[in-house]
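Residues or ranges marked as active site, proton donor in TrEMBL: GLU305. Summarising the annotation, TrEMBL assigns domain 'Beta-hexosaminidase bacterial type N-terminal' to 24-149. Annotated domain 'Glycoside hydrolase family 20 catalytic' per TrEMBL: 152-488, in sequence order. If you look up TrEMBL, you'll see 1-18 marked as signal peptide.
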Amino acid sequence: MKNYLGLIFLLFAFTAIAQNNRSALLPMPNHIEQLQSKPFSLTGKNISIHPEQPELKFAATTLKAILKDRMQINIPLSGSRQSAIRLTIDPQLNGKEHYKLKIDQKGITISGASAAAVFYGVMTVDQILLGDVCTTNRKEMAAVSIDDAPRFEYRALMLDPARHFLPVEDVKFYIDQMVRYKYNVLQLHLTDDQGWRMEIKKHPKLTAGQPFYTQEELTDLIHYAAERHIEIIPELDIPGHTVAVLAAYPELGCTHTDTIEKNVGKTVDLMLCANNEKVYTVYKDIIDEVSALFPSRYIHLGGDEAVIEKNWTKCERCQKMMKELKYEKASQLMIPFFDRMLSFVRADGKQPILWCELDNIRMPANDYLFPYPKDVTLVSWRYGLTPTCQELTRQHGNPLIMAPGEFAYLDYPQFKGDLPEFNNWGMPVTTLETCYQFDPGYGRPASEQAHILGVMGTLWGEAIKDINRVTYMTYPRGLALAEAGWTQMEHRSWDSFKERLYPNLTNLMKNGVSVRVPFEIVKRK
């Protein structure tokens, strides 16, 4: 009933707004020009879709399905360059995601620097049809020229099937929604205290007695995502968040934990031992299998929330290592620990990502927890500490992904009192408007933003029990983050976003996506 009421609300809200070919553009393109031309009619004779390169067939097939859904017309694919609808890769365009879309009386042309760029142009066509309702109903498209490229190359969402497992079909459903809004990365948090979700053939005990993804399932998922120009990045969290590993292999823990029962999903605050050769042997096997399976250039190894004082400071082996290396703080053991782990990643031709941990989890923090190598991409996440992390990464030379808790944590409540049964441990509220105000550059000069790769919305899974809860917490805030990652600040507007939001939420609900209807942003007289 809530979904139906929300849909009715959105329909009324949308019909009250002027409808044109900008009404549903999200993220907002960076350059739009209305052309002085008659509209393009899709009811003419011999209209077809021509993908000029073989790698554009999926984009062409997607466009064909969109036109059938929006206009109820069946336009065939064609090998003729004389087709009225042309898709082409143009190597002269700058940047691999740069595309141009031109619609005039003669037809539709989408050119892009890559197959991904052309696909983004197709997604823009879909939103034009969605927003320009009257013209779409006439089976026409108004003349327009769009020249568009993203502000940031890395635009990600993160799912956490380690806490609550999500079947492959649900992850595919999530990908289907991501691509509409030009996201290009999905990070999968595959391991944590609550579960190990990826089959490792050399170490089958890791997944015993719990749901997990087989390597065949992951291969299928990776292919599905790649067709839609989504890169899947695996995350294996170490040295903390590892109870699922320690439950399978207790000998990998610190010496003082030998007598502690290790129960997946119940035991907390345990870590891998920093001075145990078996740890490195097992993880080399794991990283090698992950590297072979995932074509992504990255592997994320976590590195966050390591409860060092409860583990390495009490461990006989770790204390011995500290003395040998003349370390004064147990946190310094992160240096040799990650020296070994990152070497496995590099040996497999991958680039490492870690969560950015600072030397003090509360302000004022003024340095890294340990010296990160310059080839490590860091993710800013701790609430309130993003400016510090941004400055440190700039000074030290680490690439940075922006996922600050105050803007991009999608497991936080969306409104005061929202879902108290799921968010009852004092998490701050992150409203849609707060999320939209996120500037990944934090207002700094362009020269101080050059190391920022992009943005990521993180959806931690402690309270996210199924795909309906996943999408409810993602949307509409995921739409705000999509615009933060794609659109230049001078082309962003909260008032404009609110108007463009309505048709997109209506469309998501029509497609069976559970969303939160943001009643609080509606103007009341």
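Heads up, the Cβ atoms here are built off N, Cα and C, so glycines get one too.
Those TrEMBL annotations? Automatic predictions, nothing curated.
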Tally every other Cβ atom lying within 10 Å of the Cβ atom of GLU305 (active site, proton donor).
14
Need one number: mean pLDDT over the domain 'Glycoside hydrolase family 20 catalytic' (152-488).
96
With helix taken as DSSP H, G or I, strand as E or B and everything else coil, how many residues of the domain 'Beta-hexosaminidase bacterial type N-terminal' (24-149) land in each class?
40 helix, 33 strand, 53 coil
